[in-house]
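Notes follow once the structure below has been shown.
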């Protein structure tokens, strides 16, 4: 094919290249490739992609091309049988009258182009390409095919470094003349540079001894020589081994290429190349022999068969599947590459003992993958992603830069020694990385991942690809990290998916600190490349991305700082800023290179700090700042201080700190005071005392215990480091000491730690001079050493309520009061201070008793006098100095009422003196509910014990407080470790946290306490001991006798009466309409109020949740909602607000729980304006069990986090810990009982009751998560609503300690049930309505069985599956739809009769209708009568004048339409209350109206 033509006519017009080609090929010329003279190469567009067309133009005599076509057919057919080919023959050819066309697929890159393209090939990549080139030649020679023109242009490469050998030259001459270079230039010189890859034996001389035919067959040794030339050029960075003249000289023995090959550092590669280019063809080995002989010398062992087989399996897969499979076997790839390294590679610390993964294992893995779908494969591999990174976590930790690790308290000393506040720069060495982490084979995996990452369709697989790149970056060199991996990671910072952007950010911040060295061209990578690409992240629409940026900004800043320092080191050795000697000699001393460099370095550092400061300010104070972003930024505030230095930390960081505290998020405030200690160490002593200590002082009166504790721990750290001056330290002690009586043990321990640290800092003399007088009133006795935490804890008096503590704080803010108090502290004698509180207690006794109008008032006063007289005895005074104080109890106490002393201590302002508000005989007790007053204490005491305290008794009781001040009694030894009970002493009963010792069955005492949010690990053992004594730890406020408390089953507990959750006792709404809110377009199903009653939210069927400002209810005439949250088309079924937060949880009809936070700035002191800035979406949880039916707050104890209990349409009951996405537990109700329509939980969190849509009520024990009791409501109807019953204190404990609940079901009736036995106590009902049933028809007293003993199978199936309901669904009975419990057992109800009623528990006849329509001619002449039937009390509302007919729904609606008092005009769906200047009632109805009453 053209071997006999000397030259052809030059074709100049490219439009004629495809003129003779049939139009069926659909080819469009794109550009001309190369400078070939024999074949013209052009790039064309085809319907299926780009192709390369090589055109041969016929000139002169006609030539028969059929022989060459036969050779092309043979080559194509032979290579079709290859399983994993490295050869790429021509795919199509066409001969016309004027030309011949050869067509193959276009490849973006060949070896010649790749050698000059960044990122440049690494050593292992070059070996991998050489390995594949030998494999390609081996495949050809095994099929008896020789290429004939192997050169860099004919070696094609994919983006993942898979090699193909193309453009087989079966139509080119085998031999060419030695003395005529024209043939060489015509056939083989495509670049015009006269580079020669032909074997020497392919040149012949005219007239020589041996005559050869130009078309003689090619030999394999000729291809081996060309392969050697290509491999040499590969390792010589693109420099050719031979030009034509050099090759001819080498043929004559006049040229030695070994000198040129000395530039290759690997001797094994040089040896292999020299062996391939020998002059003697017979001395050259076959391609297979070279592959076998140089394994372990040139080619790593894992190349074949492991890595090659792996690539063969990856080639046919799409990008998503490649990443998924790579992730699944990444560990095996790493192990295999780390084994048996070749050459001088450094091994790992210990050999890998696991079995190696061979080629068969790889093939089996991919074969199994092919059996599954792509989605299953991706799912299985993605689930194991954590296994990849656990194995390298230690490596990441070892190789992190020293100043990039988290700064701990122990590191502060070392960090401050590293930190030089004077120079403020250039003080840290650059990033060291250990060499044992090197694994050069990881570059190949990284290249494959980079080639796939742009084509991955699934976002989570793009994320996994980035994380795999992060893993590979641990084992590759710096150049590959910067040139190969980093550009792809940075490009994905603008990915449309948030999780991909977060992963790219994390990977970027993990890769950059690993860099040890970089070229001068990358010295400004941060200011010119990294920071501009990150500039949009502070305004990212997704909060998770901003959080990720904030959590990594400190690491990024310190890494940029390290890069800057390293660039200065490069300039020191003359790499950067080179100046010639003449310029230096003529430059003044002030402008020498060292001075210029230092000035330039300071300018660059200041610019870097300015850039980071702008980012921090945008994250903290920008328009898209959130509490979560701020919290993330605070986690590394110490590293930021280190980066900014002392001056800029004062100038920049200090002014933005108030922005953190202005946020209402309690978690943010807690983290702020946890991390503020790092700022203290960097800004200096003066800044701490002037700016930061006021913040800490403010935190001490915070509502959140974690904030208080973190502030105290910060102070303790500063004291232990001697960072505070004496004056500032004493001021903080005066601010802190009231917290010694705080009800939380966690806070008290933190206060004790601070006081002990302060004492150690001041010394013994100053401690007793300044600290002891301040804290003496809070201690039962003074410890031997104030610097001892254990001693202080053992001497602490019991805690008081939060209300008392906050009043003390208000007093301490008064300068006059503090001046008076200091005079008392430092002027009084020790004796007067010891008993000052006792005198004050006695002084207020009469006032306290006057408040409590009880029959036993006289006895109580006498008891106090006895206590006072006993306290005056010297023996009693000496008792406080004893270490082991014991409670003396007579062996046979007299059972008369005069021995009972009841101490009631409400809060009075005159008792809020530091020296007097804690009486020695007043102690706290374990508690679970909020009180309204100081704890109430009662104890039985024999007069002989009071008058003769030193007398020992066999009935002495030693009680251990077990670390809980609330469990201690002043007489009892706080350091005792066990109970020592004499056999004659009655077992003490702990009722609501108080101890009662006595035998009189009529002696009972009631104690209400403040909950302890933090208790130590010994609480559980204490509770278990009390339970062994027959005492319930969950008991609540109640009056208890020895009879009533004899049964442990009675001590179930009474609900908490929190000030914020339950209306005031005795509150009686008058029915005066305050506001009418009509923004909702459909039914308002539920209302929830905030903890501080500043706002409330409403959930509606119109797919919205609206936020209303409570403070404007009584002020604004036109009242509008402040914020609106949209539920994306689903109905809002139920809602609740998490306690002590602004977070709202809403259950929707599509089964999604929406959780969001309200950005609300409440009105405080000064000129603070109340503001609702927006809604922050926190999370959405799809339960996938149908609509949400019920939703309520759940609090097991004060230690648990915010939890929500909810029920679903598919009979599921779940407890969700809102801090995670998972349920804490899940229970399943019986489907045959219907779905769970209502829930009610106990305040202690030990039990709850569920009501179903078919009238089945079930009591569940949450300790074991099993149903305890289940009973059927008297009629089969849905349980509409349930709530707890708060009985009055006068009721006996046998009743109050049982789980009592109000149940709204049936037709206009509410019943009070004891869930323990399923018995009914009381029924509240409304008469004169249709569908009502006579009372006598129901068996209210005894619970109904759900299933008959031996039912008929057919009837059972019908009853179980309610088949009749499919044909005719039962109508929903009119009745009560909303309940609001009140203290004392009272109840507010609202229902379909459009009325809201108040039912009085103690005096049922005083019940009344708050609001509702009045029937024409009848008026409100309702009265309430009591009946009894089968032992159940019935309270029934009836008309004084009987109605002729029973009321119908139409009659009620007609009356509502004409009512002028503003009553509801549709069913009342929800009730709630808020406490402002007065208590207000909020009600919502099915027509979308919300009404506020007073």
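Glycine residues also receive a Cβ, built from the backbone N, Cα and C atoms like all the rest.
According to Swiss-Prot, the protein carries these features:
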type: LIPID; residues: 2; note: N-myristoyl glycine
type: DOMAIN; residues: 27-307; note: domain 'Protein kinase'
type: BINDING; residues: 33, 34, 35, 36, 37, 38, 39, 40, 41, 54; note: ATP binding site
type: ACT_SITE; residues: 149; note: active site, proton acceptor
type: REPEAT; residues: 383-421; note: repeat 'HEAT 1'
type: REPEAT; residues: 480-517; note: repeat 'HEAT 2'
type: REPEAT; residues: 524-562; note: repeat 'HEAT 3'
type: REPEAT; residues: 648-685; note: repeat 'HEAT 5'
type: REPEAT; residues: 687-724; note: repeat 'HEAT 6'
type: REPEAT; residues: 727-764; note: repeat 'HEAT 7'
type: REGION; residues: 859-903; note: region 'Disordered'
type: REGION; residues: 1037-1064; note: region 'Disordered'
type: COMPBIAS; residues: 1037-1047; note: compositional bias 'Low complexity'
type: REPEAT; residues: 1079-1118; note: repeat 'WD 1'
type: REPEAT; residues: 1127-1166; note: repeat 'WD 2'
type: REPEAT; residues: 1184-1226; note: repeat 'WD 3'
type: REPEAT; residues: 1231-1270; note: repeat 'WD 4'
type: REPEAT; residues: 1276-1323; note: repeat 'WD 5'
type: REPEAT; residues: 1466-1494; note: repeat 'WD 7'
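Counted over residue pairs separated by six or more positions, the repeat 'WD 2' (1127-1166) shares at least 3 Cβ pairs under 8 angstroms with the repeat 'HEAT 5' (648-685), which defines the two as touching.
Those same-chain residues not listed among 33, 34, 35, 36, 37, 38, 39, 40, 41, 54 yet with C-beta within 8 angstroms of the centroid of the ATP site C-beta atoms are 190. Across all of the repeat 'WD 5' (1276-1323), the predicted model scores a mean pLDDT of 85. Helix, strand and coil counts from DSSP across the repeat 'WD 1' (1079-1118) read 3 helix, 18 strand, 19 coil.
The helix, strand and coil residue counts that DSSP assigns across the repeat 'HEAT 5' (648-685) are 33 helix, 0 strand, 5 coil.
Listed in sequence order, 167, 168, 169, 172, 188, 197, 226 are the same-chain residues at least 6 apart in sequence whose CB falls under 8 Å from the CB of the residue listed as 'active site, proton acceptor'.
Look at residue 39 (ATP binding site): DSSP puts it in coil. Summarising the ATP site geometry, the residues cited as binding it (33, 34, 35, 36, 37, 38, 39, 40, 41, 54) extend over a maximum Cα to Cα distance of 13 Å.
Among residues of the same chain six or more beyond the repeat 'HEAT 3' (524-562), those with a C-beta under 8 A of the stretch's C-beta atoms are 401, 403-404, 428, 430-431, 482, 490, 493-494, 498-499, 501-502, 505-506, 508-509, 512-513, 518, 604-605, 607-608, 611-612, 615-616, 618-619, 622-624, 626, 628-630, 632-633, 635-637, 639-640, 642-643, 1176. Burial estimate for the binding-site residues (33, 39): highest at 39, by number of other CB atoms within 10 Å. Secondary structure at the residue listed as 'active site, proton acceptor', as computed by DSSP, is coil. Below 8 angstroms of C-beta separation, residues 407, 409, 412, 416, 419, 609, 613, 616-617, 620-621, 625, 627, 630-631, 634-635, 637-638, 640-642, 691-692, 695-696, 698-699, 702-704, 706-707, 710-711, 713-714, 717-718, 721, 723-725, 1140-1142, 1157, 1160-1162 of the same chain, each at least six residues beyond the ends of the repeat 'HEAT 5' (648-685), sit close to that stretch. Sequence-distant contacts of the repeat 'HEAT 2' (480-517) (same chain, six or more residues past either end, CB-CB distance under 8 Å): 118-120, 122, 396, 399-401, 404, 430-433, 443, 446-447, 450, 453-454, 459-460, 462-463, 466-467, 469-470, 472-474, 525, 529-530, 533-534, 536-537, 540, 542, 544-545, 548-549, 552, 555-556, 558-559, 562-563, 566. Its Cβ taken as reference, residue 37 (ATP binding site) is surrounded by 16 other Cβ atoms within 10 Å in the chains shown. All protein chains shown were included, and the count of other CB atoms within 10 Å of the CB of residue 41 (ATP binding site) stands at 19.
According to DSSP, residue 33 (ATP binding site) is assigned to a strand segment.
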